[in-house]
Amino acid sequence: MKFAIEYISKGGGRIGRLTGLQSQPGAVHETPMVLVSTVGGSAPHLTQDVLHLVVDKDAPLHVPAQHFCDHVQVLQNYKKGVAHFSALQGHSVCVSVQDAAKATPQGYNHKKGVSLWTYGGRQIITADKYMDLMEAMQPDWYEALNDADPGIGSSKKRILNSTTSSMEYLKQCITLHKASQKLKGSALFAPLLGGRSEKARNGWSKSLMSTTVDKSAISGYTIVGLHTNGPEVEDLQPVNVSNIVKASLEPLAAELPRQTAGMWNPLTVLQLAHLGVDIFDSTFPFLVTERRGALTFPFRLNRRQNDGAYSKGSCLEHQNKKLKVSEDSPKAKAEEEVPRQDNKIRESEDEELSSPYEINMKNKSNVSLMKPLLEGCECYTCKNFTRAYVHHLTIANELLAPVLLMMHNLHHWMDFFSSIREAIKTDRLEDLQTLITTSVFESNEV
Amino acid sequence: MATATAASLPGASVAAAAAVSSSSSSPALSFRILAECSKSKARTSLMKLPHYAVELPMFMPVGTQGTLKGLLPEQVKGAKAQVILGNTYHLGTRPGKDLFQDFGGLHKFMQWDRALLTDSGGFQMVSLLDLAEITEEGVKFRSPYDGSECMLTPEESIEIQNAIGADIMMQLDDVVDVREKDYERFKTAAYRTTRWLDRCIKANKNPDRQNLFPIIQGGLFPDLRKISLEQQIARDAPGYAIGGLSGGEAKEKFWPTVHLCTDHLPKNKPRYCMGVGFAVDLVVCCALGVDMFDCVFPTRTARFGCALVDNGQINLKARDFANDFRPIDEKCGCSTCRNYSRAYLHTIVTKETVACHLLSLHNVAYQMRLMQSIRDSIKKDCFAEFVEDFMAAYYKDQEYPQWVVDALAAVKITLKK
């Protein structure tokens, strides 16, 4: 894998170029980029031909090792890697340890190995087992085995234990990676951990840069241990995440790519991009689909107007909810001034989870709407179907509902990232942050 | 419009029926036989409907609530489906006829541009609802949503079906559980079904673009079937359905009833046997002269991890498939078989929704491919050979069920030993 920084924006963020992937030698991926999250090797709800109605045939995938540790045998017999096995040959693959969409039960990791929860139950994975699995999956890049257990409120001792184990795993993975013929074309990423402690994170990253770790084997970094995966990640505020991530990134070589996974909401994604994170996943659109939401947050920056008023474009449905607005107008440096915002709204009638970034298709207001999920959206769902139909499918518990929603949400997410790249190139990342913040968090009675 | 012709009276000779032309034309349906089997009663025809020209015999997958189990309309078309079925009870309840009236029908709502058929809602009511009571007026039931007393009348069923806008609508019939023993109940049902047919015909606002099929009742009683046949055929409909079967009755009783009905139904109109979907049953019924079928089986069994193959089903949950890198069926051209292996499907079956979609797609494609083979063999007049080969492949060691042997023998097809 080759990664080159093309542009560092004064307004935050950087543009990179990812090339030299073993499964796509000719492909060039511009960063910040988003990986298609998968379950069991497939995009959630989307068969291969349907996925190809939404993303390119070479769109990189994110595959958790967790989903395949029960299948190492068959992958070894198959010999062609996990993408091919899942009928997605031609797509490059990044493997991480855990599934970012499902909360990892805490407290199950110890010296013997990392616990991975599969349909068959709990498996304890040592570095040896993990590397066997990597050889069978044949990823383009993968994360070293790590114990990223510490979530919110982990004790110092717990964090220390996790960093100690993880350093051990990292060294073992590096040794095995270098010795492995089968992983010659795969790139190894080192995890960045240390729980929520800035000190621990900074310390860990420093140790990665020290002589104790063979840096030549490391091609990039994955930011882990900020959460324990699952939907709760959505509630993490950008301001909480920012300082911790900065502490992790500060000691590192800037020229290597940085990756993160999890249910980061759009504003947090922008914050992470601002800090120089290059690779993201699509857990957010996936979990929004699972609660039958359709993403509607705007992300198209128009040409700058003198009065600073941006067209709302694809506007959000607030459905008579009053959202909290901070006293300070949310602008410019989103970092410290971002107020505590309610990311999740509970609709009082039916207690359905939603967020200001989406509309919930269970909502009865959709029942006879002839318009698409989002006006102006060019995705397959919006070009062919109405809100009334998707609402009908949702209420009727039909399998086509999550299919159509996943198509829309993934498309929306991909377009969002195009917009992020565009904003960074034109030094307007903060404008994008403002656009979303003002659209989403203004009180607006509909 | 409805006239009783000499050819439709019971006891009319087969010769007289043969003298009738091999085509028919109604405002919303034209039918033309393309070829006939020289041995059995099988025939292959073209039925032109407002939304699609359908090749018969054909199988209709069931898209109960205006969707086919997680498949996009273009995937369903890719599997070669021509007509799909929607359920009036479900759709009438939700989203309801008003929405269909505003939206211009189910075709637009679900983006299906080929043909649609709706059943009347009667069967669902009787099978799904605890307190469904049949009166002369209609089917009385308690709304599952608020417990209030509701009535589905022939007029109301047609009103919903008119709003849905399917190419073919089914009459509301008095359907009796086929295992019912009381002859009188079946007799009442046979006569009432005709009275309800007349009410349905009267209520149909769109005879120019929506066909209404009568349903033949009479349980497993030949005399009652003949009465129903005579009465229903007298209404001169664009096509007819054989109802009241596929409810768990013995196959030995099932096939003679189908055979009797197809002997009497006009040759130059499509015949639809409701609720038939197993491969063997489809092949036998085609031999008996049936043109149209529907069944939830292919899509339902997909949900449980089962894929249809030439000798039945394979359940992909079985450990046997863990390292089987072949597609479900090497002969199948569906996108599941072109791209996915049994081994991969084994890892996700019953766990991920994608598995359900992939299997549904294959199963629908399988049914379509079976019907295509049937049509092709009739065109080449080797249908009898097709049946022999099919049954030999399906039943290992030629252990054919007796009913299959008998049914085929009745139409001059002898199975291999």
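Glycine is no exception: its Cβ is also placed from the backbone N, Cα and C atoms.
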Site co-member for substrate according to TrEMBL, given B:D119, B:S120, B:G121, B:G122, B:F123, B:D173, B:G244, out of B:Q101, B:Q210, B:Q217: B:Q217
Per TrEMBL, member of B:H346, B:H357, B:H362 binding Zn(2+) alongside B:C332, B:C334, B:C337: B:H362
Per TrEMBL, the range holding region 'RNA binding', considering B:30-36, B:254-260, B:275-281: B:275-281
Annotated range (TrEMBL: region 'RNA binding') out of B:24-28, B:144-148, B:264-268, B:299-303: B:299-303
B:G121, B:G122, B:G244 as binding-site residues, winner by CB count within 10 A: B:G244
Chain residues outside the region 'RNA binding' (B:299-303) and at least six past its termini with a C-beta under 8 angstroms from it: 61-62, 68-69, 313, 356, 359-360, 362-364
Rounded Cα-Cα span from B:H362 (Zn(2+) binding site) to B:D173 (substrate binding site), Å: 33
Among B:D119, B:G122, B:Q217, which are recorded as recorded positions, the nearest neighbour of B:H362 (Zn(2+) binding site) by Cα: B:D119
Euclidean distance between Cα atoms of B:D119 (active site, proton acceptor) and B:D294 (active site, nucleophile), Å: 10
Alpha-carbon distance [B:C334 (Zn(2+) binding site); B:F123 (substrate binding site)] in Å: 32
Distance, B:C334 (Zn(2+) binding site) to B:G121 (substrate binding site) (CA atoms, angstrom): 32
